[in-house]
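Swiss-Prot annotations:
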- 109: methionine sulfoxide (MOD_RES)
- 193: methionine sulfoxide (MOD_RES)
- 240: methionine sulfoxide (MOD_RES)
- 67-264: region '10 X approximate tandem repeats' (REGION)
- 67-88: repeat '1' (REPEAT)
- 89-110: repeat '2' (REPEAT)
- 111-121: repeat '3' (REPEAT)
- 122-142: repeat '4' (REPEAT)
- 144-165: repeat '5' (REPEAT)
- 166-187: repeat '6' (REPEAT)
- 188-208: repeat '7' (REPEAT)
- 209-229: repeat '8' (REPEAT)
- 230-240: repeat '9' (REPEAT)
- 241-264: repeat '10' (REPEAT)
- 1-18: signal peptide (SIGNAL)
């Protein structure tokens, strides 16, 4: 029975209740907002039905059949509004009684909601606390391992340097021996080249005037210089970016090596 009364109340809310929605003089309760929404919904249905009836009357079929749906709809709406006004006092009393009867229910629901919120907050706090404890425990376990790893790395590096030191010394010694042997082997060739060059210079002096060769040599050098100057300039321009790149790479390598040594 209460469900039937509730349905009737929703359908036959008074117009004054709908207007109260727009006035907003006093803060509305949830029940007032519900009643105003129901009234607006009913008014919207009436307007939509009126527009639909007008469109059907204006159509070719409506004119041919002389439906007059709009007039009938207006009559029905007027009758409906009269009935709603007559039931206005009944619906008002129903909403007031329903609001009073459910005050305790809303209070209990708010209380239960607050208890749930407190329980959930307590659980979240406890969960956060446990997570922090686990993170701290993990950090305590990892920190000695990190120190041990760093210590082992330094020890391994030191051992590697000690092992490589004799090898480097041996390589340097062998390189010196190779250089000395190469110098000794090339000594005889350089001596022979110097002697041959001295003989050719002596023969050159005897076969032609020195001044003539000097003039020819100067001329050839001048011609070579003029021809080689553009090529040398192009070579210099081409080498400049390469040298700058090598310089930047070298400085970057030195910087990285310095950072690694500082970190150790």
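Glycine residues also receive a Cβ, built from the backbone N, Cα and C atoms like all the rest.
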Number of helical, extended and coil residues in the repeat '6' (166-187), per DSSP: 22 helix, 0 strand, 0 coil
Residues of the repeat '4' (122-142) by DSSP state, where helix covers H, G and I: 21 helix, 0 strand, 0 coil
Count of other CB atoms lying within 10 Å of the CB belonging to residue 240 (methionine sulfoxide): 10
The repeat '5' (144-165) - residue tally per DSSP class, helix then strand then coil: 22 helix, 0 strand, 0 coil
Local confidence of the prediction over the repeat '10' (241-264), expressed as mean pLDDT: 69
